[in-house]
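A.B. asks: Sending over a structure as structure tokens; questions will come in a sec.
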Amino acid sequence: MGAVGPAGALSLAGVLGGGGAQPAGTPLPLDLGRPVPPGGDVLSHGRGLDCWEVRKHNSSEWCRFVRSNPDCRLDGGFLNYLEGVFCVFPPRLLPLAVTLYALWLLYLFVILGVTAEKFFCPNLSAISTNLKLSHNVAGVTFLAFGNGAPDVFSAVVAFSDPRTAGLAIGAVFGAGVYVTTVVAGGIALVKPFTAASRPFLRDVIFYMVAVFLTFMVLYFGRITLGEALGYLGLYVFYVFTVVLCTWIHRRQRGEGLAPPRPWEPELPTDAEEPESSVTNSGDYGEEYQPLLPSRETSLRILTAALSPLDYRKWRRKPWYWRLFKVFKVPVEMVLLLTVPVVDPDKDDLNWKRPLNCLHLLTSPLLCVLTLKSGAYGLYLIQGIFPVWALVTLVGSILAIIIFLTTSNEEPPKYHCVRCPPALNAQWAPVQFPPDWAEQRTSFLVPSIPGGTWLPGGSVGCSQGPAYLSAWQVFAFLGFLASAMWINAAATELVNILRTLGVIFQLSNTVLGLTLLAWGNSIGDTFSDLTMARQGYPRMAFSACFGGIIFNILVGVGLGCLLQMTSSQLVVKLEPDSLLVWILAGALGLSLVFSFVSVPAQCFQLGKAYGACLILYYLAFLCVALLTEFRVIRLPTL
């Protein structure tokens with residue numbers, strides 16, 4: 001059941017990208033250099049049909065050229081950036097338009113980061129907890145999908161249009177080079193350490209195989225249905241290998257491989273107090289709770305739940321944190337209003353009765369209004385009744401029913417988990433660490449029927465069936481809503497990058513390996529370096545190589561798979577630029593360097609290794625930019 005959710009959400013992501021239909025029997029062309037008109041080929045660059053040539057015309061003809069040229073149409077998205085910059089803004093204000101677009105681009109990265117971190121990942125964590133997956137399986141599936149959601153969604157959206165496929169290849173390869181050199185090298189510079197040998201060799205070997213497969217696909221200029229499924233199959237085999245290696249390792253140590261208990265506490269590793277997945281001013285911890293229980297009104301609960309600010313934390317933070325928080329507040333408020341989050345670590349599973357009832361209306365409405373850029377939501381049933389009105393009606397009825405049959409104090413039984421008989425027989429009572437009582441005011445959620453505290457900090461469960469259905473519904477609803485937000489932001493991101501490429505006459509590949517790769521990797525950079533500074537460099541280093549395997553295998557495999565139809569099972573790739581080969585070669589060379597040098601150092605990674613990786617990335621970036629500006633080019637025959 002857990003595998004259905006991500007696939008379904010990504011399928012919706014592929015639908016959102018749009019893309020014209022191709023004649024049956026003709027491979028779908030995906031140009032990996034400069035944009036190619038739909039159905040065209042590399043020769044069409046010289047026919048005057050390429051939108052990239054708009055700057056070659058007189059400024060008075062820009063608007064007419066953009067509106068009349070089919071290649072200038074942006075599939076998907078809510079804003080037409082090309083018409084905005086060439087028709088709305090006069091030519092003399094082109095720098096102002098570029099500045100505004102750059103600021104909006106940065107804000108789109110903020111939206112992607114906030115949605116993935118505080119809404120997408122927590123719901124995935126709730127789903128994996130509900131499915132009782134082991135830490136390793138959850139780490140290479142749900143956690144990898146949560147961390148790589150911006151990269152994968154951006155790749156899927158970019159592959160959906162032949163004119164932006166270069167963004168996908170550039171972003172996937174560019175992020176791979178960046179993470180395996182700059183981030184990995186930064187970890188070694190910040191905290192020299194000894195790498196875990198077997199996980200490192202396993203991840204590097206799988207990643208090199210994935211890069212080699214992509215290189216071969218680019219060399220032959222096409223990807224078939226079998227090859228696209230092979231990408232996904234290789235990732236499934238990688239997950240199986242991780243689980244098998246972990247089981248063998250624990251078996252050798254005499255430990256059984258049992259799934260983690262859903263209630264098993266995980267102590268925070270960050271030096272700073274961890275932020276809640278859903279920030280609101282009502283969660284302050286035990287010291288801020290009233291001594292006597294009091295009933296809050298629904299309006300007060302709704303107001304507190306929709307507030308993304310913790311005023312006590314606000315006073316303790318530095319000015320730059322406050323400034324960045326001001327920019328995030330509008331995004332967080334809209335997300336809080338439209339995306340439910342189920343948090344198994346909270347006493348009430350994050351049950352906010354007024355807000356959860358409102359989510360039954362706003363989340364489905366968000367999905368239909370963002371699907372295909374609102375085209376499905378505005379569709380008229382029988383030419384009379386719009387889809388969005390039907391969704392609003394059904395959601396309102398469900399919200400009213402839930403509101404009238406529940407209370408503010410306790411979640412309903414269909415929003416909680418009850419201990420099954422087998423759980424009571426095997427695991428009750430469960431002993432907690434001595435300091436656990438200081439970290440959690442209570443452990444047993446109030447809504448568990450029959451649950452009781454036992455002396456000595458233990459908890460027991462009575463016999464009874466498990467109520468899981470609505471908990472899963474809220475978690476999957478939050479997962480789907482956050483996935484739609486990420487996809488909408490990724491669509492706008494791809495469109496604005498293509499617009500900047502037209503303005504500055506840059507190829508999609510160089511935009512992908514720079515702006516898109518940097519933007520999607522900035523979160524990994526800060527989190528991995530912070531983890532290394534706090535004394536966990538091995539974990540951060542493993543994340544550098546383990547996470548990007550998911551991005552390249554699922555991003556390329558699923559992105560091309562969604563473009564295939566029943567009549568056309570081949571997607572044609574046209575790498576007409578030398579930059580694509582430099583990018584693929586640079587990634588493969590960096591992996592070979594780490595694969596050889598790390599074991600040669602007996603897995604002792606110091607500052608010299610980190611400095612070499614960073615210098616390698618700077619050299620690669622210089623070569624890539626010189627190739628883009630035709631300083632380095634192949635000799636013409």
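Positions of Cβ are set from backbone N, Cα and C atoms, glycine also.
Automatic prediction, not curation, is the source of TrEMBL annotations.
Reproduced below are the annotations present in TrEMBL:
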- 93-116: transmembrane segment (TRANSMEM)
- 102-243: domain 'Sodium/calcium exchanger membrane region' (DOMAIN)
- 137-159: transmembrane segment (TRANSMEM)
- 165-192: transmembrane segment (TRANSMEM)
- 204-222: transmembrane segment (TRANSMEM)
- 228-248: transmembrane segment (TRANSMEM)
- 259-284: region 'Disordered' (REGION)
- 319-341: transmembrane segment (TRANSMEM)
- 353-371: transmembrane segment (TRANSMEM)
- 383-404: transmembrane segment (TRANSMEM)
- 468-488: transmembrane segment (TRANSMEM)
- 475-625: domain 'Sodium/calcium exchanger membrane region' (DOMAIN)
- 500-519: transmembrane segment (TRANSMEM)
- 578-596: transmembrane segment (TRANSMEM)
- 608-627: transmembrane segment (TRANSMEM)
A.B. asks: So which of 165-192, 228-248, 319-341, 468-488 has the most C-beta pairs under 8 Å when paired with the transmembrane segment (500-519)?
C.D. replies: 165-192
A.B. asks: Work out, from DSSP, the number of helix, strand and coil residues along the domain 'Sodium/calcium exchanger membrane region' (102-243).
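C.D. replies: Computed counts for the domain 'Sodium/calcium exchanger membrane region' (102-243) are 125 helix, 5 strand, 12 coil.
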A.B. asks: Look at every Cβ pair spanning the transmembrane segment (468-488) and the transmembrane segment (319-341), keep those 6 or more apart in sequence, and say whether at least 3 of them are under 8 Å.
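C.D. replies: Stretch pair touches.
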A.B. asks: Are there 3 or more C-beta pairs under 8 Å linking the transmembrane segment (319-341) with the transmembrane segment (228-248), counting only pairs at least 6 apart in sequence?
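C.D. replies: Contact criterion not met.
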A.B. asks: Need a quick answer: max count of Cβ pairs under 8 Å to the transmembrane segment (319-341), which of 204-222, 353-371, 608-627 is it?
C.D. replies: 353-371
A.B. asks: Between the transmembrane segment (165-192) and the transmembrane segment (608-627), are there at least three Cβ pairs closer than 8 Å, leaving out pairs fewer than 6 positions apart?
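C.D. replies: When sequence-distant Cβ pairs are counted, the transmembrane segment (608-627) touches the transmembrane segment (165-192), since at least 3 lie under 8 Å.
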A.B. asks: Using a Cβ cut-off under 8 Å, which residues of the same chain at least 6 positions beyond either end of the transmembrane segment (353-371) come close to it?
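C.D. replies: Result: 12, 15-16, 298-299, 301-302, 305-306, 336-340, 377, 387-388, 391-392, 394-396, 398-400, 402-403, 406-408, 415, 474, 477-478, 480-481, 484-485, 487-488.
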A.B. asks: State the residues, same chain only, that lie 6 or more residues beyond the ends of the transmembrane segment (608-627) and have a CB under 8 A from a CB inside it; answer 'none' if no residue qualifies.
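C.D. replies: Here the qualifying positions are 177-178, 180-182, 184-189, 510, 513-514, 577-579, 582-583, 586, 590, 593-594, 597-598, 601, 633.
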